[in-house]
Every structure is written in structure tokens, then in C-alpha cells.
Amino acid sequence: MSVFDLFRGFFGFPGPRSHRDPFFGGMTRDDDDDDDDDDEAEEDRGAWGRESYAFDGSQPPEEFGFSFSPRGGMRFHGNFGFDDLVRDFNSIFSEMGAWTLPSHSPELPGPESETPGERLREGQTLRDSMLKYPDSHQPRIFEGVLESHAKPESPKPAPDWGSQGPFHRLDDTWPVSPHSRAKEDKDLDSQVSQEGLGPLLQPQPKSYFKSISVTKITKPDGTVEERRTVVDSEGRRETTVTHQEAHDSSRSDPDSQRSSALDDPFSILDLLLGRWFRSR
């Protein structure tokens, strides 16, 4: 007896090792059981039913199985309560749409939602309907009140954060003027005529620097040309050119004469071999 036969006998499954077994038919069919299948063919047909049981579902209540109905559904038979389980799942899935979907579809606002004051009056252009008075030629009506007669609301003062800012400790180094805190439109022409440009134009830090570049050029005749260029922070450039003759450099700097002599190959041979020829 195989493990599947023991499992089938424990749960009360009929028909051991049937080629019609939908669960264990392909797994339990061995070469040694071919002879037993021929003898038990009639018993298997009675256990699982033929065409008469395929559509009416009239199997004994102690057997377990399933059949296909003519309507295209699958029906389980047995004492395991599969019919109730499938029925419960169908009721859950049918009610799931009521939990997720809205009860009514959203509606787009129609033209009746517009108020009469917001509609374009006859003879009024699109520009006049969008701009505020007095930029537009005709004032608009809001809730029965003309735009020109409406009282302007007093602007709210800007919040003074004071020491609550993240860099309040740097206020002593870079003080913030009160004009930079206010975020509102101002008439700068009248303010300049009354107070001048001093309060508006804040002093800006200036940096001073100077750049010096020196270039020396040695010509073939030994003349040295030196260019000294000085550029300051304001962009002024000053260039000084100095020429130094060859005989002046030989008198003032003996090392330069030796270095210039080493550049000539004949001078090098004279230094190396001159002693031998002069001594002889």
C-alpha cells in the first residue's frame, strides 16, 4: 500500500489508483499496477460516474468529487462543505464592489453653476473681465458690489521674526534694514524725493587686490628684456619694460657669463681640451 492509498483511506476517498482520479491519478500510476487497473475498471466507472453523473451530479453523499454542469460551472460533491465555501466567497466578491466604488458617479459642473455677476456682460471684452479696476474699462461686480466701491483691505503687517531666525546671531555683523523685511509694493519715486538714495542703496563691501606678472626674455645677442605688468582691483594696468645689455650683465653677474658660455658647444670643448693644448 502506498502513501496515497493510506491518505485516501483515511479521508474516505473511494476508488484506489484510478486513471480517472483527478487528484492522484497521474502520481500513483506505476508499471506494477497495470494489471490491477484492468480488473478495477468497472468499479472505477461506478465510483466516479460516467456520462449520467457528469451533468446531473447524482453521486452518493459519502463520495467526494466534482462534476461540470451544462451551464458551464463546476460543482463539488462530498461532506467537506465546498458548496458552502464557494457560495460564501461569491457573496464576499459580489459585495466587494460596494466597499471600493463610490455610490454615484462624479458629475461635471454645468453652466448653471456660474453666478450672473461672473458672466460677460454685453459689450464687455475678455480683457475687461479678467483685469481689475481701474486697469479695465469697466469694473466688475462681486456679489452685488462694484469693484471700485469695495473697501480695500488693510495689508497685514509682515511678521517680524526677530531672533527666531536661524542666523539671528549674525545680525550684528550684517544688520538687516527694516525696508528689506516688508514685502509690499512701494512708490520709490516719492521715497527718493523725500529721503534720498541713502536708505535705498545699501553699502556694498569692496575688495582690493593687485596682480603682478614679470616676464624675462633673453635674446641671441645676450640682451635681456624684462616686462613687469601690474593690475589693480579697479582694472588699471601698468607695464614697465626694462632692457639690459650683454656687457652690463657680464660685469655685474659673473655666473650669467659662465652659463652663457656653456650654451656654446665650442666653449665647452675649449674648457675641456684647452688645458692639454696650452700646456704642450
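Quick reminder: no glycine exception, Cβ is built from N, Cα and C everywhere.
For 2-45, the entry in Swiss-Prot reads region 'Required for localization in mitochondria', with the evidence type similarity to another entry. Taken from Swiss-Prot, the feature N-acetylserine applies to Ser2. Annotation source Swiss-Prot lists compositional bias 'Acidic residues' at 30-43. Positions annotated as compositional bias 'Basic and acidic residues' by Swiss-Prot: 116-125, 134-154, 218-256. Per Swiss-Prot, the feature region 'Involved in CASP9 binding' maps to 176-207; the stated evidence is similarity to another entry. The annotation phosphoserine is assigned in Swiss-Prot to Ser190, Ser193. Under the heading region 'Involved in PLN binding', Swiss-Prot lists 204-226, citing similarity to another entry as support. The region 'Involved in ATP2A2 binding' annotation in Swiss-Prot covers 204-246. Residues or ranges marked as region 'Mediates interaction with UCP3' by Swiss-Prot on the basis of experimental evidence: 211-280.
DSSP states for the region 'Involved in PLN binding' (204-226), grouped as helix (H, G, I), strand (E, B) and coil, give 0 helix, 12 strand, 11 coil.
Around the Cβ of Ser193 (phosphoserine), the number of neighbouring Cβ atoms within 10 Å comes to 9. Ser190 (phosphoserine) is surrounded by 9 other CB atoms, counting those within 10 A of its CB over all protein chains shown.
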